[in-house]
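Below is one structure; the comments refer to it alone.
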Amino acid sequence: MDLPGPVVAAVRGARRILVLTGAGMSAESGVPTFRDAQSGLWENFDPSQLATPDAWADDPPFVWAWYAWRLHLVRDVAPNAGHRALAELATHRDVTIVTQNVDDLHERAGSEVAAHLHGSLTELRCADCHEPYDGEPTLSPEPVKRLDPETCAACGGDVRPGVVWFGEMLPEAAVATTEAAIEALEPGDVCLVVGTSGIVFPAAGYPAMALAEGATVIEVNPVDTDITDMCHHAIRGTAANVLPALVSAVA
Ligand code: APR
Ligand code: ZN
């Protein structure tokens, strides 16, 4: 894939690269995004019924069944060439990855992830005493209607997924790490925004913060998004196509 010269020059010359990824990063691994037409999770499931503390309080088995399916799916798929390209880029440049994704595909491709802004599907904890759950949960290969959550050994409470639901605060450490990484950006650095619709804050506000620090903001997405207009460059392509081309151009 041919990339615009200024994009290659910006990444080649960058002292530091901050990468912000969203669901599109994992799409080519077979993990559905949230808002893509037809395939998006929020096109087929109601987030108010599955991704809020009230939904969990109302009916833990209904909510857990959905996450037990998503966790089964994430364990079943593999990192794609885009994940692998970012891991390789980090061997040539100072790369910091912050992600909105709750899968562990960056890590399984060999990347270190500085922050999981929306938590992690693979981290389970007690909804009552917050004790981490390190047992082997019953998962489901299909999105079944109901599945009893695991039980906390410490207090008997229900075990929930370690993801951030709508209305919940983001993990303080993840936000602090991300904002520090952005504040450390200088003119000549690059902020690579891959596979996000740029709708959900605070993550959606991070490209503008990187811009304000003087970084060159480059979007990788097949389509225009809410943040396209603020980017210096918008590469219309997929993560698994664009990122390997970018890494081979700068390595
Ligand atoms: N490569 C790159 N981008 C892609 C690809 C791909 N192969 N396929 C789809 N995309 C793009 C879509 O065009 C879209 O802009 O990825 C983006 C996915 O957007 P969303 O589904 O809204 O996902 P995201 O931006 O990560 O959502 C943010 O919303 O529901 C919450 O917590 C959830 O973390 C999520 C947050
Ligand atoms: Zn407990």
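Cβ coordinates are placed from backbone N, Cα and C, and glycine is handled just like the others.
Residues annotated as active site, proton acceptor in TrEMBL: His118. According to TrEMBL, the feature substrate binding site maps to Tyr67, Arg70. The annotation NAD(+) binding site is assigned in TrEMBL to Gln100, Asn101, Val102, Asp103, Gly195, Thr196, Ser197, Asn221, Pro222, Val223, Ala239. Residues or ranges marked as Zn(2+) binding site by TrEMBL: Cys126, Cys129, Cys152, Cys155. Marked as domain 'Deacetylase sirtuin-type' by TrEMBL: 1-251.
Locations of recorded TrEMBL features on the structure.
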residue: Tyr67; record: substrate binding site; Cβ contacts under 8 Å, 6 or more apart: Leu121, Pro161, Val163
residue: Arg70; record: substrate binding site; Cβ contacts under 8 Å, 6 or more apart: Leu121
residue: Val102; record: NAD(+) binding site; Cβ contacts under 8 Å, 6 or more apart: His116, His118, Gly119, Ser120, Leu121, Pro161, Val163
residue: Cys126; record: Zn(2+) binding site; Cβ contacts under 8 Å, 6 or more apart: Pro132, Tyr133, Cys152, Ala154, Cys155, Gly157, Asp158, Val159, Arg160
residue: Gly195; record: NAD(+) binding site; Cβ contacts under 8 Å, 6 or more apart: Thr21, Gly22, Ala23, Gly24, Met25, Ser26, Ala27, Thr33, Val220, Asn221, Ala239
residue: Ser197; record: NAD(+) binding site; Cβ contacts under 8 Å, 6 or more apart: Gly22, Phe34, Arg35, Thr225, Asp226
residue: Pro222; record: NAD(+) binding site; Cβ contacts under 8 Å, 6 or more apart: Gly24, Arg236, Gly237, Thr238
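Listed in sequence order, the residues of the same chain lying 6 or more apart from Cys129 (Zn(2+) binding site) and placing their CB within less than 8 Å of its CB are Cys152, Ala154, Cys155, Gly157. Ligand 2 lies under 6 Å from the Cβ of the following binding-site residues, listed in sequence order from Gln100, Cys126, Pro222, Ala239: Cys126. Within the group of binding-site residues (Cys152, Cys155, Ala239), the Cβ with the highest number of other Cβ atoms inside 10 Å belongs to Ala239. Taking a Cβ cut-off of under 6 Å from any atom of ligand 1, none of the binding-site residues Tyr67, Val102, Cys126, Cys129, Cys152, Cys155 qualifies. Sequence-distant neighbours of Gln100 (NAD(+) binding site): residues of the same chain at least 6 apart with a C-beta under 8 Å from its C-beta are Leu20, Thr21, Gly22, Ala23, Leu117, His118, Thr196, Val200, Ala203.
Mean pLDDT for the domain 'Deacetylase sirtuin-type' (1-251) in this predicted model: 97.
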